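Positions annotated as Ca(2+) binding site by Swiss-Prot, on the basis of similarity to another entry: 164, 207. The region '2 X 6 AA approximate repeats' feature in Swiss-Prot is assigned to 177-218. According to Swiss-Prot, the repeat '1' annotation covers 177-182. Per Swiss-Prot, the feature signal peptide maps to 1-30.
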């Protein structure tokens, strides 16, 4: 009798502990859902809170429910929790450029937080488009870069694709955190040839353009991609872009990406405590450069880690100079970064013009070490929140 009672008490205690743990986890995740940006440019201009003021969160696990939760252009506060993988095509293959344009571009309204639950927040076969809005948060998501079913041909440039995994277009106060963007199941070695040229079906991973401003990209992972992040889409768009396109990158990982991490026109970029992994001789994604300086673009790099195999001298410059590609700008400064484990001052010999901005936000760039680089690599991307 006593043993039975003891077992009963033990079972009840175990159940109580399980229930308590579940409630604590639910409570903790609810707190994450309402997080506001606390770092970088997204803290400015009134801050970035997404859907924090929503009365309750909505769970979705298919494209129909996702569109319903977004509710078109409705700008009331909303938190959308992605609990299962979402195929934006709805399982119906795109048949043409017009069909893909009509069905694959999902517009996100103002005052929205989209957050994945655990490792379930996955999007394939489409793009998340933040256009003409403000105050949007994307967290704990995996987005596979879309495959263009009808690339266009440009004389002298070959086949070119449309569609990016995510787009920030003429929007302000955007926070992208713990997001992974990757070519995933369709890597560039699967390209075919058409009319004797490579049939390119990927465009960018993330575009930030047309006067967008106050953006922070943190703890995210960009992997297995060629033209990764473009900030400022055209040399002729200075009237809209000048003084804007202010973006902070920190604690991100760029793993086997060929270029544009990022490439910037007109904007002011602050990149600290990021990790760059690549190989000039990689068979699919050969490393070209990390930072691209386009027209009137400027970059401040602090305490980043570059582990890059087979770097070579270009135009007689130090091999490390290939990290920064000068298009129509030379405004760049670095301090405290490591290149292949060693502190580098050699970027100062690359014909660059020092960039020393006065930043309006507080931040702490940790001293880069191999252990810190490992920690950043282990904690960036979706499923790590």
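Easy rule for this one: first residue shown is 1, then count along the chain.
In case you wondered, yes, glycine gets a Cβ from its N, Cα and C as well.
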Taking the Cβ of residue 207 (Ca(2+) binding site) as the reference point, list residues of the same chain whose Cβ is under 8 angstroms away and which are at least six residues distant in sequence.
164, 166, 167, 168, 169, 229, 230, 231, 233
How does the region '2 X 6 AA approximate repeats' (177-218) divide up by DSSP, counting helix, then strand, then coil residues?
3 helix, 20 strand, 19 coil
Number of Cβ atoms other than its own within 10 Å, given for residue 164 (Ca(2+) binding site):
27
Taken over the repeat '1' (177-182), the model's mean pLDDT:
99
